[in-house]
């Protein structure tokens, strides 16, 4: 049976094994997919041992995506630009291919929820790895502009410069963020994980059509509830669909078969994935 795994720290609450189990069942396949705790100071050796023992592919989650990028022998064009890898595949010649499926999973979830991207003004809160992974896939759909806001303005500006040749993208600190009508606001920070709000002024959300929190939750996150408090018409989405979407794209990278996403998202939201 082909072996796969997800590596992270912490990892015990990962839904990836249950998600990939459902993918395999739906496609009539059998795989062995496990969650593996990688020591903070020993990620590369842990992953190398897994592949040396016959592993076919791996997912990589926090905080190891940059290390996975560094250890890949070959990178997809998107992974190369993003500078982070969440999917590793052992190729026929034994080398490791690094890919990043986060952005594709994110955009596929937006489209599945009938969220319009083209011609829209988009605000991304945060300038870390999660934001970095979604900017280019968003720009591929030709929004009016993508604005990145971060506590450290320089980090947002540097991220914007990285993608400037691909579309209209800019970066700001919270204190000088332009008061534009943002149709789609994305919280890419981990604030909801800690039950905290990003430092965004409420004036920026009054005309928001869609608020998306990348944090996966069975209930509305603190960010989603905050937006709803000031704008009851806003469509609220959490990271469930992105989680399943990026996993489906990883499955496709490994096995050249694309699983159906929506049934697994529904099972995840109902707490039925074990």
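Counting starts with 1 at the first residue shown.
Cβ atoms are placed via backbone N, Cα and C, with glycine included.
Pulled from Swiss-Prot, these are the features on record:
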- 14, 15, 16, 61, 86, 102, 216: shikimate binding site (BINDING)
- 65: active site, proton acceptor (ACT_SITE)
- 126, 127, 128, 129, 130, 150, 151, 152, 153, 154, 155, 214, 239: NADP(+) binding site (BINDING)
Between the recorded positions 14, 15, 65, 86, which lies closest to residue 128 (NADP(+) binding site), Cα to Cα? 65
How big is the gap, in Å, between the Cα of residue 151 (NADP(+) binding site) and that of residue 65 (active site, proton acceptor), rounded to a whole number? 22
Largest tally of Cβ atoms lying within 10 Å of a Cβ, found at which of the recorded positions 15, 65, 155: 65
Of 65, 126, 130, 153, 155, 239, which recorded positions are close to residue 16 (shikimate binding site), meaning a Cα within 10 Å of its Cα? none
Return the count of C-beta atoms lying within 10 angstroms of the C-beta of residue 239 (NADP(+) binding site), excluding that atom itself. 23
Let me know the largest Cα to Cα distance in Å among the NADP(+)-binding residues 126, 127, 128, 129, 130, 150, 151, 152, 153, 154, 155, 214, 239, as an integer. 27
Of the binding-site residues 126, 130, 153, 155, 239, the one whose Cα sits nearest to the Cα of residue 61 (shikimate binding site) is 130
Across all protein chains in the structure, which of the binding-site residues 14, 16, 61, 86 has the highest Cβ count within 10 Å? 86
Residues near residue 216 (shikimate binding site) by Cβ (under 8 Å) yet at least 6 apart in sequence within the same chain, in sequence order, are 15, 238, 239, 240, 242, 243, 268
For the binding-site residues 102, 130, 151, which one has the sparsest Cβ surroundings, going by other Cβ atoms within 10 Å? 151
Out of 126, 128, which of the binding-site residues is least crowded by other Cβ atoms within 10 Å? 128
Candidate nearest residue 14 (shikimate binding site) in space, where candidates are the binding-site residues 126, 130, 153, 155 and distance is Cα-Cα: 130
One of the recorded positions 65, 86, 102 has its Cα closest to the Cα of residue 155 (NADP(+) binding site), namely 65
Are there residues of the same chain, six or more positions away from residue 153 (NADP(+) binding site), whose CB falls under 8 angstroms from its CB, and which are they? 171, 172, 173, 176
